[in-house]
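Comments concern the structure below.
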Amino acid sequence: MLVVVVVEGIVGDTADNGVYLEIFPSAEWKVSEDTLHHPTLSLGFNENDTYCDGGQDLTEAQLVVTVVPDEDWKLDFVNRSIHFTVEEVCDHVNKSLTFSGYYWGLTKLSFYLTTNYHLLHLSNNTLLRDDVLITVDRKSMMMDTIFTSTGAVLILFNNVNMGAQLDLKVIKEVLMRPIGPACGFISQFVVMPLASYVMGILLLTAPLQRLGLFTLGCSPGGTSSNFWTLMFDGDINLSITMTAISTIAAMGMMPMWMFSLGKKMLKDANITIPFGNLALSLITLTFPILLGILIRMKRPLWADRGAKIIKPFSFCILLFFYIVGTWNSYKVMLLMTWRMVVAGFLVVSSGYTFGAVFAKVMCLPKKQIIAVSIETALQNPGVAFILLKLSIERFIYWCSSCSDLASVPIVATLLVSAPPLILVYLIYALLRRFCGCCPDIEQRDDLTHTPEDVENLKQLPGDAKFNDEANQFLPESCRCYDEGG
């Protein structure tokens, strides 16, 4: 946690109070989160006061400095009141104020003076009102490193497995007739930025929160969209192709949106586009995918084995990120408001709805509609986090936690997008398992033929051309071939 104490020299209304307050140190404090802080305070009488000359018996007199934060829940105080005797004030004795920062963000402290002795002709006055500014910043913990490293390894392995399930012919067809990628591009880089901008203006009040939500809306598609497309039997070839295209396009589209609408949310901000992070995202996506394609070409048996575990493994990865990520970011959840949750939910819902409707209007098949819808709604939060950190910390250099505050709406959006998908997928899987609903295309082909049809087709004459035509209606295990075929 970084604590910045903004105090210049001696403070307090010395003419009226006859007392001044000093706070040490008067520079920046750099300490860790959830660690006790001990700023020191001292009181002094003005030169025209005679309380230190010994002419009065003031041994029982006390001066009490009480600290009141503007947001009580952000700090934990061990002692809020500090008692000084007249002798201690005359000797400028330093005493410690002890507190710890708990929640990230900004808060201000006010200092009030009271006395219990009528011979001290001091009015109970405010020494400082909102003049001490404290910034509470999130510290890096070991759990963050473990969570990030574990998640990176799991995603890398699963991306290799997804690459092994791709069909290069299908990807080539997608690129030759790029209706699906065009739908995804328009949905992702036109609709989502505008939706996040409008929701931020309507529902959020703080400029940092609006900027955070808008930054996510301008980000390209992420790996989670590929995983969920796979889970819902969407076109994984189209999904991965759109993710790669959107990551490349983001290098031009993100600056356009951030330097136009983004600048209006935080005036005079020096916004920095994380081109390096975008390039790294593209590399971490394409390299394991290409490795998986190579495995499909050289070791098809390995690819077939990977196909059996890819869905349950992907689902476990998604649960890992949601459950462990939520637990690791519990303080972020405590900073959320209902407005952030509603804004995030509406932005994600807009992505699902527009992506699906637009793809349907363009007459795309069901699998591609699923891919476009999910790819539009689920974006890459890592790019948004990096952009906010690079930009805000340069612009508001004295507030290192402001990038974390701007990221709260992003986390809220991620949290509200996962549970509906998990619930829908569980219902979807149960219907397929126990009711026979929502079968795969291959399953639907098999269901159109009765057992009698299969037996009759197997007993057809050995005409090669006829058998080839019949085989296309049969599962692989039931096909018949000529002796020479």
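Placement of Cβ uses the backbone N, Cα and C atoms for every residue, glycine included.
TrEMBL lists 184-204 (among others) with the feature transmembrane segment. Non-local neighbours of the transmembrane segment (184-204) in the same chain are 210-211, 213-214, 216-218, 220-221, 242, 245-246, 249-250, 253, 257, 261, 265, 339-340, 342-343, 346-347, 350-351, 354-355, 358, 371-372, 375-376, 379, 409; each lies 6+ residues outside the stretch with a CB under 8 Å from one of its CB atoms.
Residues or ranges marked as transmembrane segment in TrEMBL: 236-258 (among others).
What TrEMBL lists as transmembrane segment is 278-297 (among others).
Sequence-distant contacts of the transmembrane segment (309-330) (same chain, at least 6 residues past either end, Cβ-Cβ under 8 Å): 143-144, 147, 150-151, 154-155, 158, 161-162, 165, 224, 227-228, 230-231, 411, 414-415, 418-419, 422, 425. Among the features that TrEMBL reports, transmembrane segment is placed at 309-330 (among others).
What TrEMBL lists as transmembrane segment is 336-357 (among others). Beyond the ends of the transmembrane segment (336-357), by six or more residues, the same chain brings 183-184, 187-188, 191-192, 195-196, 199-200, 202-205, 209, 213, 216-217, 369-370, 372-378, 408-409, 411-417 to within a C-beta distance below 8 angstroms of the stretch.
If you look up TrEMBL, you'll see 369-388 (among others) marked as transmembrane segment.
The annotation transmembrane segment is assigned in TrEMBL to 408-431 (among others). Outside the transmembrane segment (408-431) by six or more residues, the chain places 200, 204, 209, 212-213, 215-216, 228, 231-232, 315, 318-319, 322, 325-326, 329, 332-333, 335-336, 340-341, 343-345, 347-348, 377-378, 381, 384-385, 437-438 with a CB less than 8 A from a CB of the stretch.
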